[in-house]
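Participant: Structure below; questions to follow.
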Amino acid sequence: MEAVGPDEFASIAGAQSPDVQESEPTTADEHKFGLPFILNVPIRRTRQSALTKTVVVVSPSAPIPRDAKQTLELSKEEKKRRRTCGSEACKKDGCDKKAKARGLCWAHGGGTKCRTVECSKVAVSNGFCWAHGGGKRCDVNGCIKPAYERTLNLCEKHFVHLRHANYFEVCVSTFLIC
């Protein structure tokens, strides 16, 4: 390493002597006074074209990681199986769906069971099946049938009636119900 004197160090570091006047800011310096520089906004860089290929060259002496080697050798089915993140398949013979609960898929009785002791149905909401109070009910007074958002919170029967009714019938039935 070379020894540098104070005058040389000042010129290397970019310091100016007191008798030298400051020049006008250059375009690089002008950016420093702009809002993006003050707010520390990163400068956008142009993206590489999708048409260009990126080639990674590995030296022949560099060891290939064991996991990378295995991934290249896996079949399509094996890669798909590994993506399931540890979930298991349904226990039912011939079913290849993922298990929800108790080793069964949704179609074969997996999922949360109803809180009622004797009931073995799947819970819809609040831990209960439709028969024991889970899910929404029809908005028509006196109707206790299940309702859905897609049927405007009406049961199937009242929704069909509403679809086929004219404007007068809807107004009269609304007036009489409320």
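Just so you know, glycine gets a Cβ as well, placed from its N, Cα and C.
Pulled these from TrEMBL:
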- 1-31: region 'Disordered' (REGION)
- 90-110: domain 'WRKY19-like zinc finger' (DOMAIN)
- 111-134: domain 'WRKY19-like zinc finger' (DOMAIN)
Participant: Report the mean pLDDT of the predicted model across the domain 'WRKY19-like zinc finger' (90-110), rounded to a whole number.
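Facilitator: A mean pLDDT of 82 is what the predicted model shows over the domain 'WRKY19-like zinc finger' (90-110).
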Participant: Take the domain 'WRKY19-like zinc finger' (111-134) and find every residue of the same chain, 6 or more past its ends, with a Cβ under 8 Å from one of its Cβ atoms.
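Facilitator: Counting only partners 6 or more residues beyond its ends, the domain 'WRKY19-like zinc finger' (111-134) has Cβ contacts under 8 Å with 100-101, 146.
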Participant: What are the helix, strand and coil residue counts for the domain 'WRKY19-like zinc finger' (111-134) according to DSSP?
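Facilitator: Helix, strand and coil residues of the domain 'WRKY19-like zinc finger' (111-134) number 3 helix, 4 strand, 17 coil.
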Participant: List the helix, strand and coil residue totals of the domain 'WRKY19-like zinc finger' (90-110) as derived from DSSP.
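Facilitator: Secondary-structure composition of the domain 'WRKY19-like zinc finger' (90-110): 0 helix, 3 strand, 18 coil.
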